[in-house]
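J.: What Swiss-Prot lists as ATP binding site is Met39, Gly40, Thr41, Gly42, Ser43, Gly44, Lys45, Thr46, and the listing cites sequence analysis. Annotation comment: Swiss-Prot describes Glu1133, Asp1263, Glu1266 as Mg(2+) binding site, evidence class similarity to another entry. Per Swiss-Prot, domain 'RNase III 1' is recorded for 915-1055, and the stated evidence type is sequence analysis. The domain 'RNase III 2' annotation in Swiss-Prot covers 1094-1277, and the record cites sequence analysis as its basis. The site 'Important for activity' feature in Swiss-Prot is assigned to Lys1259; the stated evidence is similarity to another entry.
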Amino acid sequence: MTVAATVLPAGEDAPAYRPRSYQVEMFEASLKENIIVTMGTGSGKTHIALLRIIKELESNPHKLIWFLTPTVALCLQQFKFLSDNIPAVRARTLTSLDKVELWTEQPVWDAILKEMQVVVSTHAVLADAMSHGFVKITQLGLMIFDEAHHCMRRHPANKIMQDFYHPALERHGAEAVPKILGLTASPVVRSNRQELLKIESNLDAVCKTPRTHRSELMTHTHRPHLQQILFTPVLLDDLQVGSKTLKALVSAWTSLRLEDDPYIKKLRKSPLDGRALQKVLESGKTYCNDQLKRFATRSLHIFEELGEWAADYFIHASIEQLKARAGNSADTMGWTDEEKAYLLDIVSKLPIPNIDLTHSDPDRIPISSKFRSLLEFLDTKGEPNFSGLIFAKQRATVSVMEKLLSIHPVTKHRFRCASFVGWSGGGSKDVLGELLDARMQRDTLSEFRTGQKNLIIATDVLEEGIDISACSVVVCFDKPPNLKSFVQRRGRARHRQSTYAIMFATDDESSALSKWEDLEQAMIEAYEDDERRLREAWALEAINEEVVERLEVQSTGAVLTADTAVAHLNHFCAVLPRQPYASNEPEFSYEKDDADLLRGTVTLPSCVHPGVRRIQGQRWWQTERAARKEAAFQAYKRLYEFGLLSDHLLPFKRNLELKETDLTNLPALVEVSEQYDPWVDWACSWSSPDVHQTRIAIKHNGDSRMCIRLTSPTSLPPVEPMTLFWDSETIYTLDFDKPKRMKEIAAESIENMRLATALYLQAASSRQMRPEQDFVTLFGPDLTDLELAEWLNKHAGDEPALEVYSRKDFPTVMGIVRDRSRYNEPMLFKRWVVSGQDDTPIVELECDAVPKRRNLLHRQTLAAKQPDSETPAISSKIRLILAENCTIDKLPYAETIFGRFISVILDRLEATLVATRLCETILRDLEFSSIRHIITAITAPSAQSLTNYQRYEFFGDSVLKFTVSCQLFFQHPNWHEGYLSEGRDEIVQNSRLARAALDAGLDAFIMNKMFTPRKWSAPLISEKISLTPKQRTMSTKVLADVVEALIGASYIDGGFAAAHACIHRFLPEVNLENIDRTTAPMPKDGVTNHTLNDDHLMAHIGYTFTNKSLLVESLTHPSCQFDTTTQSYQRLEFLGDAVLDMAIMSTLLSHPREIPQGLMTKIKHAVVNANLLAFFCMEFALTEKRTNVQVTPTGTVTLNPSTEHIELWRFMRYQGAHLQTARDLALSRHSSLRGSIIHGLKHSPSYPWKSLSQLNADKFFSDIIESILGAIFIDSHGNLAECEKFLERLGLLRYLRRILKDEVDVMHPRNIAQQMAKGEIRFEVLRVPNEGGGGGEDDGATYRCTVKMAGVDGVAVVVEGCLTSEEAEITAAERAVEILVGRGCSL
């Protein structure tokens, strides 16, 4: 699947947006009073309106905002601008395209405006709706007048103000009327001061133009070069030698007989229409007569303006159009069949002109002098990046000029032409001469913006407001009718070194010509005056003003002065967390007092706490330079006082708040203490023993077999039951009774127990026991002291096999058979085999080998093969041994096997004792309900035990990250996300945790030695007492892992309280319990409402915010600069990231099946994948009801209910066209990939890695998921269940459960390929710049991945043309897997 690439990368180098200072100045002025923003075309007036709308939605969300424009085209443009920048706003347009003139019932208007927030319409629509009482002035909270200079005389804009606004203002005061914001580039039409005052009075507003930032305004508005184009006008005689068709048309019209007109004939037939007939005969006006008159007049005008070929084309095309319309039965022009026939008869008699659209000889296309002058001018403007606009007076001229330029040899290969006449009806009632309709110009403006078209011919509809690309050439084919048109058209030429040309006839009256020359001179003088003021400003800036400010930190001697403050402030901002599409530069602005002195204000990036984000200077200065210095000094001083700088007056590079004395990184391997040996303590305890005994009940496949006593010199902790696997069919279960203290025990009894222990150990071994029998731990049968002595006498030692044979003992009471000819090899007795004569029999023993398994804690990996029931199996392990060479132990085999259990019992008992000692020392303040959790947490994987710390370490990692994140977030409300991340990283990094483990002495309790029963020997008192302490080498990662595993064990055993206590034990600086979390750090008061419908959004999220400001903050992107009281979502996203980890961890932990740590890590990596979160963000949509009006051809108005899906991403508050472009391209990819991703998530047995990599969503999509989680967590006072509800509604937890239930394969394709290839595979990803892209970061580069593997000469796989390196790697890996499968490889 091919998906469009994002042209602008969502990386760190993505362009940032920030409102220009003068835009902010005008926005802030609009909050204080009603104003008319007066700025040049292209200087960003609409951005000011956007900021004002957002502010009004926040502060007054229950009233309607009405955006008024003079044209339908401008309505559609402004609506698109608002929808693109505030995508979740409930907005609509009301124009003639909606046939609002037919909405004559109040319920229709009520339904349409219900729950609307912004309406964009023409002035006439609102004026008419108000005049009929459908819309009340009190419903409106803000009215925005685009092109505000129209608010004069009888214009609908002025009607709104005079008939409704001013009367309500006089009667009820300012609270009863909306606020006013006007936008204009030319506040006066006729350059009259009185008109300016009148407009201000009409709009109840004052004109404002940026003053403080005038130089910046001039920087962003480029003045064009004014040029005259002279032409010779058409003489009357030219018509006599010109077009035959035109002359015939004029003749046909002038020679019309009124009596032949179908309308006259109809009136003569009706006696009731005599009066009407008389009126028509006197005026001579009929439908057909008027149509022909206008057609002829337009044709003459075309001839005068463009020439003979143009007039012929216009006439011919119009006639062909008339014929098509006459044959269309669905045409609703209201003319009769007789009138159709009459007009067709007249025009059909005109001579057919010779229209050739493929002429290559310009001389064969007769044109006017005026058009020739235009061609000569355009011929000098054919630069590669040309973009032009030609204004013409009449719609007919526009359509024909576009065709003429498109086919003329001089221009057809140089210009890509289009026409635009707006969306009004124009001459829609004409059946002749109206060659343009709305459908033909639907894509004109967008094609011009993208460069598909580079020359537009338009009427004055493009003078005002319409957002089109800055042009290098603007031509007035007809003189501007007034100053307003002159200024508006001039504003379209905004390219650097652009040209603004006006066409003049050579016989133009000198007074008219001098008027434009005088105006041009006045403009030049005005430009020069601006430049003079700019030079004066630079001269003023050259004044040397000394700013005497100084801050000294006594503890370090660090000094800050006004001269160094700007550089320091720039450095502070430069090291802030970088975000795509957001600027990290400080912004300086200035205000003037009455004495023309300046005071500076600095605004820092939105990630900085609102308390210090905007700082104002304390003094007034003559120069901006001094004001900047002083403002920077005050800002940097406040940053220090706010705790965002170190005592060295530098941004924190290390988290000094942790007050750690040694944060140096440890080497990968360190020398640590040898593992704690509990047998040493027990050996010492035998000198003055406190004897305890516990009874071990042994069951064989569930049936009780025997009981053994374990004797220890000190108290014995509770020992959990053990399961031992003798073979594939035999399982022994060992249950340990509660230990009992023995009051007194005789030395003889101790000695007998040592003998019994030695007997058990020797019975199961072929090795000769050592003579020492001072065992640390003693075992014996469950007998009294007297019975034990008798038992030893009966079962100690062995006897010849022949004696046992002679007694005919039952096999069940026989012991181990030992072959003296083979070094007393132990065998299992099967049966006696007797051969030879009765007087000299040969007695043999059929024996089986004793199982060699020693580590009985693990199941056999391969079950023993079962013999066929009909064919006796002959095992190679069965042997016949002469009885005379054998001895048989007196200890029955049923008791002998216990000797094999002793090593396992002591190994598990040792682990229990180590864990118990750890609980009694380092973890003495923690209470664990089960020692099993501690054993698991301190057992390294290298021990190859039944359990190890890996699962617990996985859980502990999430709990630790979550706890530290919470503490830093609540403890440091002044820290931005960069400090929070750095602080967390320092606390949870392996070197810090390893150091904590060493400082606490935890290293001695980590069990990393593998249990090897064959090398095992029973611990002896004499050996243990003489041991000297040793050291061992251990990985710092193991040390850190055990700390995290103990945290995980604490959480599993006792929840968050236990986990927090465990964390505090190893990391004293982390003490979440002592931090007040009941009151969250709240944003400043002032933003109490979101820009959109909070209630609907919260209902869809599934959580109702007590503090809605948190919801606002969670949706505020770092590029959002207009709200300095709300911090960007980065802090909340930092916290939400940890909350998400906890939610996933909790789900994995609660799953009934115990999931291995490696698989849990893969699952977590898949579920928190940024592209998956982004996909859920794009899918998560609330449904809102809308009402649409449908007008039937008969004029009937019906209301049709509909629903609209509002996705979560639409609620994000942001600024900037580059972010908007990246967002829209990501959404386009989402639309293309949506089906495959949904199928993968719902049905696929594997994770949709490839489809998600192709989505390549910008990070802000996933960020707002995490920031909302953070906001819910804070507002709910740390209730994780509320966060999980949101994740459930989002669909994330539902998919996680499907992964677990259906065992979805989440392994990354690259890892699959590497495992299948046994590591003999190599991936190489290369970024391939687009040759025509200019080589920058946004050059449309693609990625290529090559794969090399063993057994393949050269490159095995090559993948090219991918949008991201991840997509390239995944695609290549999938192809590599296909090759490996073909070879027969498998995982």
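Quick reminder: no glycine exception, Cβ is built from N, Cα and C everywhere.
Quick caveat, the model's predicted, so the values are computed rather than measured.
Quick one: how deep are these features, and who are their neighbours?
T.: DSSP assigns Thr46 (ATP binding site) to a helix.
Glu1266 (Mg(2+) binding site) carries a helical DSSP state (H, G or I).
Per-residue pLDDT, averaged along the domain 'RNase III 2' (1094-1277), amounts to 91 for this model.
In the three-state DSSP scheme, Lys1259 (site 'Important for activity') is classed as helix.
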J.: Lys45, Lys1259: which of these recorded positions has the sparsest Cβ neighbourhood within 10 Å?
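T.: Counting other Cβ atoms within 10 Å of each of the recorded positions Lys45, Lys1259 gives the minimum at Lys1259.
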J.: Within 8 Å of the centroid of the Cβ atoms of Glu1133, Asp1263, Glu1266, which other residues of that chain place their own Cβ, given that this set defines the recorded Mg(2+) site?
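T.: After dropping the recorded site residues, what remains is Tyr1129, Gln1130, Leu1132, Phe1134, Gly1136, Asp1137, Ser1262, Ile1264, Ile1265, Ser1267, Gly1270.
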J.: With Gly44 (ATP binding site) as the reference Cα, tell me which of the recorded positions Glu1133, Lys1259, Glu1266 is the closest one.
T.: Lys1259
J.: Quick check for the class: what is the C-alpha distance, in angstrom and rounded, between Lys45 (ATP binding site) and Lys1259 (site 'Important for activity')?
T.: 30
J.: Just to be sure I understand the packing, how many Cβ atoms besides its own are within 10 Å of the Cβ of Asp1263 (Mg(2+) binding site)?
T.: 26
J.: Can you tell me how far the Cα of Ser43 (ATP binding site) sits from the Cα of Asp1263 (Mg(2+) binding site), in Å?
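T.: It is 32 Å, counting Cα to Cα.
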J.: What is the Cβ neighbour count of Ser43 (ATP binding site) at a 10 Å cut-off, with all protein chains included?
T.: 23
J.: So of all those binding-site residues, Met39, Gly40, Thr46, Glu1266, which one's Cα sits nearest to Lys1259 (site 'Important for activity')?
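T.: That would be Glu1266, nearest by Cα distance.
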J.: By DSSP, how many residues in the domain 'RNase III 1' (915-1055) are helix, how many strand, and how many coil?
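T.: Once the DSSP states are binned, the domain 'RNase III 1' (915-1055) shows 93 helix, 8 strand, 40 coil.
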J.: Could you measure between Met39 (ATP binding site) and Glu1133 (Mg(2+) binding site) for me? Cα positions, answer in whole angstrom.
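T.: About 39 Å separates the two Cα atoms.
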J.: Roughly how many angstrom lie between the C-alpha atoms of Glu1133 (Mg(2+) binding site) and Gly40 (ATP binding site)?
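T.: Glu1133 (Mg(2+) binding site) and Gly40 (ATP binding site) have their Cα atoms 40 Å apart.
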